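The structure under discussion appears below in the form of C-alpha cells.
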Amino acid sequence: MDDNILEMDSDNDDFDESRLGMIHEEVVYPEEFLPTYCGIKADESEKKTNLVEYNNQPDSLFFSDGVRSVDFILVYEDEDTKPFDKKFTCKRHKKRREYFESCLMQMGLELEATPSVHEDNLIYVKVHVPWEVQRTYAEVLHIKIPIEVNDHVNRTPVGNLFDWITKYFKPNEKLIKKEVDYYTAPYQRHHHDCFLKMDKEKVFTPSMKSRMANFIMCRAPYEIRGNVKKFGITKLLSGGVYKAAYAPHDCRFNVKSTVESCPNERYLLYKEWAHPKNFYKTQPLDLIRKYYGEKIGIYFAWLGFYTKMLAFASVVGLACFFYGYHIQENSTWSKEVCDPDIGGKIVMCPQCDLCNYWILNSTCDTSKTLTIFDHFGTLVFAVFMAVWVTVFLEFWKRYQSQLEFEWDTVEFLEQEEPSRPEYDAACVHDTINPVTGVQEKVPFTFCGRCFRISIGIGTVLFWIILILASIVAIIIYRLAVFFSLSIKLKNPGNFTTLEPLKEYVTPQMATSVTAGLINFVVIMILNTLYERVAIWITDFELPRTRTDYENSLTMKMFLFQFVNYYSSCFYIAFVKGKIVGHPGQPVYILEKYRNEECDPGGCLIELTTQLAIIMGGKAIWNNIQEVLLPWVKNVIFRYCTRVTHKKVEPPRWEQDFELQPFTKLGLFYEYLEMVIQFGFVTLFVASFPLAPFLALVNNIIEIRVDAWKMTTQFRRILPEKARDIGAWQPILQWIAILAVATNAMIIAFTSDIIPRLVYYWSFSVEEGYGNHSMSGFINSSLSYFNTGNFSEATVTDAVERPPNITICRYRDFRFPPGHPREYQYNMHYWHVIAAKMAFIIVVEHVAYLTKFILASVIPDVSHTTREHLKRERYLTQAIIHEVRLNLVSKRLKPVKDDLASHMARNDHSDDELELSEY
C-alpha cells in the first residue's frame, strides 16, 4: 500500500490486501478507479448505473429483469434536485458517487437504480453479486458450505412424554422446519467439485451475499487526487454522498411475500420469535443465525442460556426471600427491638451533631424488613450462588462449543481475520513481522503506540476519578440530608416515646432512597458522556482488527461501568458505618461532616434498597430506550417523508429505508447491559436474594424486546462472523471470581449473621440465658455511653437535648464508662472480628476449591461434539484427497492412453516381424 493513502473506511469484514491482486486477477479495472495495491490493468471505459422505473411489485427483490436478486441497497439524494446554493457540494458528491459505482461494476458487482415512490428526490441503487463474484469472495471470507450430510443419527427416542410436553415450548415445527445438518468446509474455487451438489442459487444464502457486497463496497475507491486515494462506503455515508447502505429484508414482518421463491424468514421470525405472545417459547436460533448472522445468533444463544440458568437461581432466591418473610414476626432480635419493655426503654445516642436522642423501637418496621434479607438462609443462598455461577460459565462454554460446530465457526481464527481499513490507511512505517520475517507497514512506531496507549489509559483514569468524585459528593449529600431529616422526622417533645412522624419513614431510609435515585441519575448522565469518549479513545488507539477494536472498547467501557454502577454499592457494603468512632469521639470527613452511621440493624437494608433502585431503574430506562425511541423515530420519519397524494405501495427496499439503522455498536450495548446485570446478580446477591428473580423477569422481556426491535423497527442487520462472545467471556469469569469474595465480605461485615452466631454459641450462655439462645442479643450488641462525655464539637445550641438522660446506647462492642479501658474495644469485639476473618477465609477457600473442581470435571467440549469435529475433518481431508487423485488420474489419462497405444503398436510390429521370419 502506498504511504500516502490517507483515508479508508471501516466495515465488519476485512481482508488482507496482499490477496486482492490474486482475487481479481481475471477482471480488468481502470487504473484511476483503484488504489495502487490492486495491481490491475487499466481499461478506458467507465460504466454507469442504469436508471429504471419501479415495476409496481412491492414484494419483489429482483432487478427489472426478474432474474438477478437484490443483495444490497444504496440510497442517495438526487443532486439535480437540490437548491442552487448547494450545487458545488452536490457536484462533488455526484462525482464521488459515480466514481464509486463505476468501481463497483468494474469489480464485478451489477447495479440498477430506481427512483423513490414516496420521495421524488431519492434514488435507490440495487446491488447484485453475480455467481463468479460469489465464488471469489466466498473463498476470501472463508465461508463454509456443505460437503456431506451429517450421518450421525440422533439416538434420542421420539414420541416420549418429555417431547410431548416440551413441544408446546418450542417454535411451530411446521412453520420453522428443522434444517438438514451438514458437514462443511471452507469454500475453494479449485475444489468446487468436492462440495455437495446443489442449485447455485442456494449455495450461498442472502445473508452471505450481502456480506460479500458490503465487503467489496468497503474497499472500492471513490476519489483519487494525485497519490491520495480515498475509498470505502462508510466515508461516503458520513459525508452525505449516500443516505443509507443496507441489506434488504426478505419480506414484511407481519405479511408473507407474494413471491413464491421468498423464504419469508423475517415473517417467521416475527410470528414465532419476536411476537410477545411467544415469551414462553424457546428461540429458533438456527433461523436467527441464518437471517442475521452468527454474531447476532451467538448473542441470543447466550442471553437465552443465561436466562434459563437464572430460573434455577430464582427458585432458590425466592425460597430464601419467603423464608425470611415468614420468620420476620418470630425473629428474636426483631421482637426485642419492637418490644416496649426492651427496645422501648433503650435510648440511643444521637447519630449526628444536629441530632437528638431517639428510642430504639422507632426502627421496629425497619428491623422487621431487615429480617427478610438478613437471616441464616442468606448464607446458604450465597454459597449456592457461588456454585451456580461456576456451573453457568462451564456449561455455557460447553454449549458454545456445540454452536461453534453447528454454525461452522470452529476454524474462524484470529489469524484469518484481516486488518481494519482504518488501520491499513494509516500504515506509513516499515517494520519486520516477527513471525514471518517479512517487511510490512504499520501505522505507528513503538513510541507512537506507547503514546496512544498512555493517552487512552490517562483518559480512562480521569473519568474513573470523576466517578469517585461524584460518589464523594453523594456521600456529603447523604450526611447533609440525614442531619436535616433527623431533626424534622423526630418529635422532640417526649423522649420516652420517640416515634417517626410517618410510620414507615426513618431518616436512614429516606436518605438511602433519595441518594439512590440521585446516584442512578448521575450514573446515566456519566454513561452517556463516557460512551463517546471511550469510542474516541479506541479510534485514536487504532486497533488492527475488528476483534481487537471491540475487545479494547469492551475493556474501557466495562471498567468505567464497573466503577460507575458498583462504587456506591461497595461504599454502602464495606465503608459506611465502619469508621465512625464512638459518640464521644466521632470521625469527621473534611473536618466538617460527621461520618454517617448504619441503622441499628446494619447497612444491609440500605444496600438492598440501593440495588433495587439501580436494577429496577436501569431495566425500566433501557426498555424505554429500546422500545419507545425506535418506534417514535420511525413514526416521525414516516410522517415527515410520506407524500399523501401517492397511493402506490413502495417496494421492499424503500420500506426498509424508513426503518432505523442498527449501529455497529448496537450489539455491544446489549452485551454491556446484560453483563452489568450479571454483576448485580452475583456480586451483591447475599444482600438481595430477589436479584436473580428480577433479572429473570427482565431477561424474558429483554429477549422479546430485542427480537421485536430487530425484526420490526430496524433495517436488516449486516451479518458478521463470530465464534464466541468475545472479551465478555473473561469479564464474566472475573466477575464470578470476585463475587465469591464480595458475598463472603457482605455476610461477614455488612450483615449481622456472624455477630449473631458468635453470641448464640458463646456469649448467650455467659450472660445467664442458660442454653444457647438469641435472647439478649440486641442488648449485647449495644454499648453504653455517658452523655457527660460528649466532646464540645458534638454539642451545639441548635439542638436542645434533655439533661435528664445520662446514659445512651450506640452500636458497637466497647467497654462501658467507668471501666479502666472505657470506650475501647472489648473481648466481644475481637471474638466477632476473628469469627468474621475465619468465615471469609474458609468460605473463599471452599468456594474456590469447588469452582476449580467443577471447572475440571465439566469439559469445555462434549464428547459428541468432539466426535462430530473429528468426523468433519476426516471427511474434508478424504474428499479433497479423492478429488486430487481424480484430477491426477484425469491428467495422466492421455499419457496412459499414449503409452498403451505405443505398446500396442510395438506388439503389432513384433508380430509382423515374427510372421515375416516364419
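Cβ coordinates are placed from backbone N, Cα and C, and glycine is handled just like the others.
The domain 'Anoctamin dimerisation' feature in TrEMBL is assigned to 62-285.
For 288-872, the entry in TrEMBL reads domain 'Anoctamin transmembrane'.
What TrEMBL lists as transmembrane segment is 299-325 (among others). If you look at the transmembrane segment (299-325), the same-chain residues 6 or more away from its ends with a CB under 8 A from one of its CBs are 282-283, 285, 288, 371-375, 377-378, 380-381, 384-385, 388, 391-392, 395-396, 399-400, 403, 667, 670-671, 674, 678, 681, 685, 689-693, 695-696, 699-700, 702-703, 706-707, 725.
Under the heading transmembrane segment, TrEMBL lists 376-396 (among others).
Annotated transmembrane segment per TrEMBL: 460-485 (among others), in sequence order.
Here TrEMBL flags 505-526 (among others) as transmembrane segment.
The transmembrane segment annotation in TrEMBL covers 553-574 (among others).
Taken from TrEMBL, the feature transmembrane segment covers 675-701 (among others).
According to TrEMBL, the feature transmembrane segment maps to 731-754 (among others).
Listed as Cβ neighbours of the transmembrane segment (829-849) (distance under 8 Å, sequence separation of 6 or more from its ends, same chain) are residues 383, 386-387, 737, 740-741, 744-745, 747-749, 754-755, 757-758, 762-763, 812-814. Positions annotated as transmembrane segment by TrEMBL: 829-849 (among others).
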Residues of the parent chain within Cβ reach of the transmembrane segment (675-701), under 8 Å, 6 or more residues beyond its termini: 279, 303, 306-307, 310-311, 313-314, 316-318, 320-321, 324, 373, 378-379, 381-382, 385, 389, 558, 561-562, 565-566, 569, 573, 604, 607-608, 611-612, 614-616, 618-619, 623, 728, 731-732, 735-736, 738-739, 742-743, 746-747, 750-751
Stretch with greatest number of CB pairs under 8 Å, the transmembrane segment (553-574) reference, 376-396, 460-485, 731-754 candidates: 460-485
Per-region confidence, the domain 'Anoctamin dimerisation' (62-285) (mean pLDDT, whole number): 85
